[in-house]
Amino acid sequence: MARHRSRVAALYNKVVNFNVESLFARHPGPGTPRTVFFNQNLPESYFDPKGKPKKEHVYPTNQVISSKYTIITFLPRNLLEQFRRIANIFFAFIAILQFFPEFSTISPGLVVIPILIVLSITAIKDGYEDVKRHQSDRHVNHSQARVLSGGDWVNPNMNGRKSRTFVRGIIPRQRPKRKDVEAGATIEQDPDIEYDHKDSMEEGEHHMFGHAGENDRPHWHKTKWEDIRVGDFVKIMDNEPIPADVLICATSEEDNVGFVETKNLDGETNLKSRNACPALTDLHTAADCVSKLNTFSVECDRPDTNMYRFNATVTRNGEKSPVDVQTVLLRGTVLRNTDWVIGVVLFTGVDTKIVLNSGGTPSKRSRVERQINPQVLANLAILAIMAVVCGIADSKIEATQYPEGAPWLYGDDISSDNPRINGLITWAFALITFQNIVPISLYISIEFVKTCQALFIYFDYDIFYAKKNQPTIARSYNLSDDLGQIEYIFSDKTGTLTQNSMVFRECSIAGTVYQGDPEDEDIKKPTGKSTEIVREASNDSSYASTSTRGDDPAVPSAADATVVKLSNGVLKHFRDERLSQDLARAVEAEPDSENAAQARSLNGFFSVLALCHTVLTAVDPATGAIEYKAQSPDEAALVQAAADVGFIFRGREREILLLQTPFSREIERYELLNILEFTSARKRMSIIIKKLDEQDERLFLLTKGADNVIFERLKAGGDDLKRATEGHLEDFANAGLRTLTLAYKVIQDDEYEAWSERYHEASTALDDREDRIEAVCDEMERELRLLGATAIEDRLQDGVPETIADLKLAGIKIWVATGDKLETAIAIGRSTNLIAEESNIIVIRGGDRPVQQQMIQAVEEFFPDSGILDEHGLVTSASKSPSTESASAFPMRRLSTGVRDIVGDDNGDRPGGFVLVIDGAALDYALADDDDKALLLRLATQCEGVICCRVSPLQKALVVKMVKDGLGVMTLAIGDGANDVSMIQAADVGIGISGEEGLQAVNSSDYAIAQFRFLKKLLLVHGHWSYARNGIMIVNFFYKNIVCIGVLWWFQIYCGWSSSYVFEYTYLLFWNSFWTIAPVLGIGLFDRIVDADVLMAFPELYRYGRERTWFSMRLFLIYMLDGVIQSVPLYFIITYTYFTTTTRSDGYSIALYEYSTTMVFATVVAVSLFNGLNTNVWTAWVFFAVFIGIIILWLFTVVYNAISPGWIVTNVYGNNHYLFTSAYFWLSQPLLIAIALLPRYLYRAWQLGYAPGDLEILRYIRKTQPDLDMTTLRSESMRSKPYASSRRRPSSHASRTSIACSSVDNLSLDLRRTQDPRCASRTDMSTGIRSVHRGFDFATEEGGVAMKRMQTNLSERRQSSRNLPSLRPSSPTRKRSLRLFSSLRRKKSPTFKKDD
């Protein structure tokens, strides 16, 4: 028995979890390893005996398709999707049933029309949505890239045929024909070709003397992305996206290094350096690539989803060279700061890593639609019971009355006409009679209403982005009500929350804060000439860079440039009048004057900013302005800020750094001796430089890094400066700014000589090289002198802090999933109000300590009363890990400050909210095991917010699925890049932002918006309205039909349970078409629970949606019961009224349709007014919707009853004479309508008068005070915190409390207060260290090729100079302090312009 139950349960789960996509999705399998050949024929083993290539050696095209349908699959797939609705299956069954003569009511062809209309309207809507996807796919697939052509070039590798986007599957797939390299290529004339720069003269001569053989010479041909094949050579120019996964052969830069922006792939904002494959660096022209002498092959591993792993081997001339991810450009990235890159295509289309991390386009259904199915099942169960009762009763009555000789049962004893057969026929006919219990027009109405709601969103000017002329677009019309039930939001960071643009906001120098001049309005909305210049410069690949090959005499030198322009990613120049005055005084200061110390601090501070970095300089040939090319925008902002105050970095000549300062007329020169790299573990970067000056040749260590790392390395003394700087850092962090601390050290020559020996030994060690280098670096980075700190703002998208604050007030949990590193994620969390000032940060990351232990200890320390560990059966009193024991000096316990709990009502002793930060490595472990996943989910739900950093696109989707499936909540994912596609598709609602990272996210989304701030109105207003409208409309739809069915049912008592109609069939036919359709449509289109400004001013009202107030099984049963109760007086009172005494003046008894038409009128009026009673706002449109059905009914009845048999035979001809002259007709209408509506009216009156909720109160306020501004009301009613910070986060609404206003004293909005400020603590569970977080963040590539090249050059120079004489001993006078300038009396150098 148990086994049978398990089988039934398994079958039920299989049916419930049936996925239409699984039938139509292509499953190519895991893929196989491949070898790609260049300039040589494929081996014979790649072909079958017939000469056709084997299937495993035919590679997919570069075409990427996100659409769902083709002409072939549209009809079956769309029908399968629609027949997931149980009601559609029922309607189809009823329509088929009426094709049999025994059950026909009207023409069978007319019976099929309603279900065909429903299916057709939905199919047209779905088809239109998919057409838009096809258009978006076409836009991407038809982008162009330069592909090698000419010179008899042939790509021998086999690629499959392209899919026809609309006729995919019509044309049979054919295996491509074999191509031999010797066969040459077909020469076609194509004007869209480009030649390499060195061939320009030949090209000119060629065009001068004609076009003959124009395409014979090797060239680059602009080709559509979808036509790029595995084995093609491609040339990618600066600022162009990468069309496929490409192996780098050569670049325009020195040492064949190129830079790529990967934020569209992994969310990281800093540029990554990539280097060419050493075996292919000679292939830097089209002619080299075509040459038959340059034959090679690339052996690749099978395609996989890991973004950070790429294994391949290049075989050339019998020698093999390894290939890893550092030599590959992945699709979805963008080439930056590199003139050109030549590469070979290894993976295309569905085999590229970014596509492998994206899922197929899902068929999403709204929660309301899914909830309708059990309600329809309930109605079908009721229908089945009614049909069975009618069938049994009719059979019993016939069996009883036939022997009694009932004349209507004459001959009722044959095989095809007897009580048993007739009972079965009556059962089937009852299904037709009562079929309106499941209204077919409900689905048409829902589709129509949702389409209109999508148009309301489209035409809402408040969420229209005028700057780009872009409205908010609903790409999936059927999810509008889901927007009103969101419980969790998963957001990307880069491009979604931030602009990836930096502003140097403030700095602290020697205990003095310089906050910068007030920000101009034009910074927020960049316009004008300056912005255009920056944009043009950033797209110009002809800049002279200090790292490019050769020197162009036509391009000005960085040393001679007189203008410094804004760097790419930096929004504004840093200007501070007080700082300018202090610098002017410092320049003129005497060595022993009171301003000397300040002068040294200012000079040292900005010299560190201008020198301690890896920034390159470029000169715009058009304007002659210097522009800084940085791997990360925050590093560019630091160097830009130094230049803005006069410390202009003018580039580098190999290891010589050039710096212009206000303290010297000439450009200062510094020799770069060592770079102590920045890593996430070190949290600092240092350089050792030597000043090349005859009067001053000292050595300096310049350092920037995290405050805690720098402070613990400072020399003793200077406590006042340390305390002042710490206070400033806390203020910066509380304002959501990213901080860096600067320090320096003067190094003695003999000290450096000894240290350099140790560093060289460590860098050449074979064992534990990294640890030994770190130990030697740590020796040097001691006894530092503090200079100050910087504060950079990672500029948020407009309105992000306010939006997040209001969404949190709405009760929505917000999780951020980003590819950025941990510090950046925390900094953004603070600036966006996701991490509040009093929040505590719990950090869990992969490392030596098991992730499960970190989660267990986090629960023990911070949520001991949650019962999480007991639920999972985890015993934690066992032995602790070594890392825990080592951290015993820093016990992880919460401080008792008496601050009220802001996380949950049961945890009043908690000092503040918690935010969980977890990295991708920890997620790998947690998501791999079901128990760890459940533990992570329970821990995360105890926190106010969760930030996932260093996560891959696939991990984003897995996190969304974990929450959606584990908690059964409604989820929303929002992003703007291709790395967000899988997350967007995994969530219940996916929103794409059409930002700078392309349209991949928009193409896969359900809604497309232009700004994150539009999410607030989209959810709080449109989502809430749509959910309330649709939910109330649906239950009213069921109600109005159950009233009609109830009247029909009560009639069966008096018609022998024969399933006959009490109404004339036409009235029943038009019940859902004309009489009662308008009021429910009025609810779905025009009802408003409250006005939009009220919902925006009080985000807490969104809880009605989260709590599923407007649509549930309970509400469905209430309305169904209400309908049944109302049907009783509507039938029985009229029946007994008409049959007690005849209404006719001639004394004859009445006909059926005389009194049943009265029922129709009373029922339609009662139903329409009941729907109106459930409408919250009566507008002109609502009045029209409520009464139009009643008016049409009257007009129809008058005309229909007057149609003579000469036109058409009806059963009601002449009924007007008896119907409208009857007193019963006129007197029963108001009486029955009042009786039917009385229960609902009394309930609404009691609710408004004695138990009003928030909505009723706010509606009353709006009615009595229509001119009252709700935003003003809210702001006036907020209780401010009893403390005031000198620096508040920009536009933060996190300090909102509860409403206290005389007019709204009864509001029960759930708002919590916080008291007493408390700096956010940060607890790293992997190390056990707890510290105060002061906003440190710095983004740069760790261990990149560019840094490795620089280190190699420095190492080679050190090696070549090891036999030179030692450095001269330093003068005793130089041990006093840092003096990067040789004389305080020198005149100030000419002021250099900063191009705005």
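Placement of Cβ uses the backbone N, Cα and C atoms for every residue, glycine included.
Unlike curated entries, TrEMBL annotations are predicted automatically.
Features as listed in TrEMBL:
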- ASP492, THR494, ASP976, ASP980: Mg(2+) binding site (BINDING)
- ASP492, LYS493, THR494, GLU635, PHE678, LYS704, ARG738, THR818, GLY819, ASP820, ARG950, LYS956, ASN979, ASP980: ATP binding site (BINDING)
- 539-548: compositional bias 'Polar residues' (COMPBIAS)
- 1361-1372: compositional bias 'Low complexity' (COMPBIAS)
- 54-109: domain 'P-type ATPase N-terminal' (DOMAIN)
- 1002-1252: domain 'P-type ATPase C-terminal' (DOMAIN)
- 535-556: region 'Disordered' (REGION)
- 1272-1299: region 'Disordered' (REGION)
- 1353-1396: region 'Disordered' (REGION)
Q | Sparsest-packed among the binding-site residues, when each Cβ's other Cβ atoms within 10 Å are tallied, from THR494, ASN979 | A | THR494
Q: Let me know the most crowded of the binding-site residues, choosing from ASP492, ASP976, ASP980 and counting other Cβ atoms within 10 Å.
A: ASP980
Q: List the helix, strand and coil residue totals of the domain 'P-type ATPase N-terminal' (54-109) as derived from DSSP.
A: 32 helix, 2 strand, 22 coil
Q: Measuring CB to CB from ARG950 (ATP binding site), give everything in the same chain under 8 Å that is also at least six residues away in sequence.
A: GLY819, ASP820, LYS821, LEU822, ASP919, GLY920, ALA921
Q) What binding-site residues in the list PHE678, ARG738, ASN979 lie within 10 angstroms of ASP492 (Mg(2+) binding site), counting C-alpha atoms? A) ASN979
Q) Looking at the binding-site residues PHE678, ARG738, which one has the fewest other Cβ atoms within 10 Å of its own Cβ? A) PHE678
Q.
Please report the Cα separation of ARG738 (ATP binding site) and THR494 (Mg(2+) binding site) in Å, rounded to an integer.
A. 15
Q: Round to a whole number and give the Cα-to-Cα distance in Å for the pair THR494 (Mg(2+) binding site) and ASN979 (ATP binding site).
A: 11
Q: Enter the number of other CB atoms within 10 angstroms of the CB of GLY819 (ATP binding site).
A: 29
